[in-house]
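A short write-up of the structure that comes next.
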Amino acid sequence: MGKGGALSEGVLKKIILSYTYVAIWIFLSFTVIVFNKYILDRKMYNFPFPISLTMIHMGFCSSLAFLLIKVFKFVEPVSMSREVYISSVVPIGALYSLSLWFSNSAYIYLSVSFIQMLKALMPVAVYSIGVLFKKETFKPSSMANMISISLGVAIAAYGEAKFDSLGVILQLAAVAFEATRLVLIQILLTSKGINLNPITSLYYVAPCCFVFLAIPWILVEYPVLKETSSFHVDFLIFGTNSFCAFGLNLAVFLLVGKTSALTMNVAGVVKDWLLIAFSWSVIKDTVTPVNLIGYGLAFLAVAYYNHSKLQALKAKEAQKKAAQADEEAGRLLEERQGDGAGRKPESES
């Protein structure tokens, strides 16, 4: 009874911890999205400078990542040569800076709810770019699934009350750059055996992003900020926002490290619906029935895609285990045959 009770207690503790990590990630992800919208929206805080905001995030995250890795030794750094950094990390950093710049820019023109609906296109972009780079196999069933997601998002866009072409272009560009970044991580880093967690990713990628963002910032936003005499840095607003952005990366580290990437996908779906509800009820964004029907269709298609990917991973894992078992059985059989052959002359003498 005591042993069984201890086992149940251990399992219960693990479940509670998993749900705690999920809740923390949802809360921080939710907070960062709403906070960014609040800062960038002209009708709210009115700081329509997405490059500046992203650079503040990258500078803050670079500094904290440096402290966690080099000073507090919270995470072990990944050994990386200058050649690997230039050929692998720099292109990923460039794509990440573009993805963040355009996604933050979209908050100026679109509602939070509609942006979440457009983000449902991420699996379509990742799959298409994966096929292009030969990291994914083209399958008619997968393409039908991608068309279903795209159709759902198109219906949601058709029903959008405050449709803005520039905002949609910016968000779709952000999705394309992010999808390319995710595929390039597989090609340039994972294939070389380099696995970066969110903290080491920030340590290597955030300074690179900061440098890339500085170029358009000098050309686009700096001249405007220079002429805006009324502007002053609000350390409470920008400091809290940056801390939340860094906390979100820590939460990703905990969530994926202690649970799984699938848990994060499921949590992401919950977060998206919560954001749509919040956008409608609190921010008072207009969410039409056509919006919900379209996003509902896209959501079901994405859920089916995630389910298919999970089944494929399980099948691959089962095949791997079966191959390992066969290899082990063959090795044991060879050892037994070898032992038998070694003892035979002894019995004859």
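Note: Cβ is positioned from N, Cα and C throughout, glycine not excepted.
Sequence annotations record features per position, and here TrEMBL assigns domain 'Sugar phosphate transporter' to 20-306.
Here TrEMBL flags 324-349 as region 'Disordered'.
According to TrEMBL, the transmembrane segment annotation covers 21-39 (among others).
TrEMBL lists 51-72 (among others) with the feature transmembrane segment. Long-range neighbours of the transmembrane segment (51-72) within the same chain, counting only residues 6 or more positions beyond its ends whose Cβ lies under 8 Å from a Cβ of the stretch, are 36, 39-40, 97, 100-101, 104, 199-200, 202-203, 206-207, 209-210, 213-214, 216-217, 220-221, 225, 238-239, 241-243, 245-246, 249.
As annotated by TrEMBL, transmembrane segment applies to 84-102 (among others).
Residues or ranges marked as transmembrane segment by TrEMBL: 108-130 (among others). Within the chain carrying the transmembrane segment (108-130), a Cβ under 8 angstroms from the stretch's Cβ atoms is held by residues 33-34, 37, 40-42, 48, 50, 136, 142, 146, 149-150, 152-153, 156-157, 160, 162, 164, 166-168, 170-172, 175-176, 178-180, 182-183, 272, 275-276, 278-280, 283, 285-287, 291, 294-295, 298-299, 302, 305-306, all 6 or more beyond its ends.
Sequence annotations record features per position, and here TrEMBL assigns transmembrane segment to 165-189 (among others).
Away from its own ends, the transmembrane segment (201-220) comes close to residues 51-52, 54-55, 58-59, 61-62, 64-66, 69, 77-78, 80, 85, 89-90, 92-94, 96-98, 100-101, 246, 249 of its chain (Cβ-Cβ under 8 Å, at least six residues beyond either end). The transmembrane segment annotation in TrEMBL covers 201-220 (among others).
Under the heading transmembrane segment, TrEMBL lists 235-255 (among others). Same-chain residues lying 6 or more positions outside the transmembrane segment (235-255) and placing a CB less than 8 Å from one of its CB atoms are 21-22, 24-25, 28-29, 31-32, 35-36, 39, 45, 53, 56-57, 60-61, 64, 197-199, 201-202, 263-264, 267.
TrEMBL lists 262-283 (among others) with the feature transmembrane segment. Residues 18, 22, 25-26, 29-30, 33-34, 37, 111-113, 116-117, 119-120, 252, 255-256, 295, 299, 302-303, 306, 310 of the same chain sit 6 or more residues outside the transmembrane segment (262-283) yet have a Cβ under 8 Å from a Cβ within it.
Here TrEMBL flags 289-306 (among others) as transmembrane segment. Using a Cβ-Cβ cut-off under 8 Å and counting only residues 6 or more beyond its ends in the same chain, the transmembrane segment (289-306) has close neighbours at 113-114, 116-117, 120-121, 123, 142, 145-146, 148-149, 151-160, 262, 265-266, 269, 272, 276.
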Sort out the residues at least 6 away from either end of the transmembrane segment (84-102), same chain, that have Cβ-Cβ distances under 8 Å to it, and list them.
50-51, 54, 57-58, 170-171, 173-174, 177-178, 180-181, 184-185, 188-189, 192, 194, 204-205, 208-209, 212-213, 216
